[in-house]
Ligand SMILES: Nc1ncnc2c1ncn2[C@@H]1O[C@H](COP(=O)(O)OP(=O)(O)OP(=O)(O)O)[C@@H](O)[C@H]1O
């Protein structure tokens, strides 16, 4: 057997690192050479420009471009080699194909590496077809697919390694529980400023999602901490590998809930050797669609309002616009507009050329496949053609414009805003549309208005984006999905958790989303990896998800602390901060219900604690240390330790609060404390002895 013992493996590691070093030296030489070539070409061009003819110049310029490209690809390869020198591989399987005489060892790492001399593959990229067996099988029968063919065989050996800076920290031989052991070690680490890659411990159900290349729309419903975001990013890395040359990271876009989250996840793809992908928030997207001309409330402001629970009519309006039926209503409204709001009239120019209303009406009907707004132009063109053809009319540009204006006037409403407000009158529910002062739209009206605009004028389809990722899918409504479907006709990965909605009046689950994307494939992730068993169990008591499986990683019991007054609770928070500073943990999240509370706590603590900071809707980065935040902004993030503060009966009592509390508690990886002053929230009843 190849490299039977741990000592053999260590020897092999050293040998491969030397090979990698050779490759690196060679690449450095090449890069240096290319850079000198480019300089020399440029100098030559500069000096001889006046004596050179056009053909010669083109030829030298081409040489420069070619050399630069060679240089770029060498620099790219150098980056990969450097990564491999740190961690060449993390797994090995020995696979004996059915037909083969002998097993072959397959070392799985972050990139492929082929021996420069023998041309033999030494390391297989984790995304290579053969590597999928490392994630899918233990010892025994196994198979993988390559180019539509199934290769069957036996896995005779399986090992996992932790190698850092070229040194092997440990090696584990496969037994049935091996995966768990390595996974446990990975999960018990302290958190990082940025999300990490998880290539070494991807689980089987996660692997199936990563490698699913067939679904046009893939919906991932996953419980809190099940790795949805990580898996979606690994899936992108997989697709970039599989479709190299057809799709690049520039073609991929993620709709992310906020800038902090975007920053938090921004390292995963570069860690996997891919470029960052483009990111945009839903609001910015809507603003583009409305050409920056319509003011609207942000999602953050909407959530804050719902949390404060001051205007019950607001939640009613939000809920009304969050159903699938609402999308259908709007489509019906468009048919109504089409049938009733266009009143064909006779058109005449210079009292001489007339086209009767019957002609106009017929042409209008004839273009029923076009969006309404585009029909006006076409009908006007037909009228002009009719006048020229039938009456040999000599029409000037001004006449043509008059005809266009006349046709436009046959349509009753002039602006999308008018049509949108009329929609509510048509439904017999004018109270469902209310503007804020200074003409600001409620957030719940933005996507419907954009959707109406798209139906009316036609959508500006984005053909540049070849794959769209939507994270926190539960926070988008059917009409928002209908907008996304029109804007991005590309493949999509949509992920989230119906239990983690920050606005239950407008949340969607995978079934709702499937209705917007018929034919979508839904996959589930039910194991929660982030938190200790104790934390997950606590959170389950707040909001139970029967599908959830908690990972067996144990930690401290969750503490629920009662305080007599606010000063005492603040004292408790300060003690926790002091303890955290010497604990070796990297992140402590202090989670409040509202931004107001978070700001107030920050104002109280910050003067004497310069290492405390607060997240706001304007924050753009996630930093290690002590962070005061809200459940809404902490969504998608994680902390080594979490304190959920002010969990009183006043603060947390309804279903919205339940969701918030659940999100807050599930941010904790290793330690969770919950505190309140005087009367606890009834949502904590299960944890408080009476
Ligand atoms: N297979 C795995 N191996 C190691 N760590 C994992 C694995 N799957 C998930 N994790 C870890 O679990 C944590 C949660 O992952 P992630 O944030 O992707 O989950 P999520 O489902 O998007 O969470 P949430 O919805 O609660 O925000 C991360 O620390 C991630 O590294």
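Positions of Cβ are set from backbone N, Cα and C atoms, glycine also.
Sequence-distant neighbours of residue 228 (ATP binding site) (same chain, six or more apart, CB under 8 Å from its CB) are 220, 222, 471, 495, 496, 497, 525, listed in sequence order. Per TrEMBL, ATP binding site is recorded for 222, 223, 224, 225, 226, 227, 228, 229.
Per TrEMBL, domain 'UvrD-like helicase ATP-binding' is recorded for 201-532.
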Around the recorded ATP site (222, 223, 224, 225, 226, 227, 228, 229), other residues with Cβ within 8 Å of the Cβ centre, ordered by sequence, are 497, 525, 528, 529, 530
Within 10 angstroms of the C-beta of residue 224 (ATP binding site), the count of other C-beta atoms across all shown chains comes to 25
Among the binding-site residues 223, 224, 226, 227, 228, which have a Cβ atom lying under 6 Å from any atom of ligand 1? 224, 226, 227, 228
Among 226, 229, all listed as binding-site residues, which has the most CB atoms within 10 Å of its CB? 226
Neighbour count (Cβ, 10 Å) for residue 225 (ATP binding site): 25
For residue 228 (ATP binding site), which DSSP three-state class applies? helix
DSSP output for residue 222 (ATP binding site) maps to strand
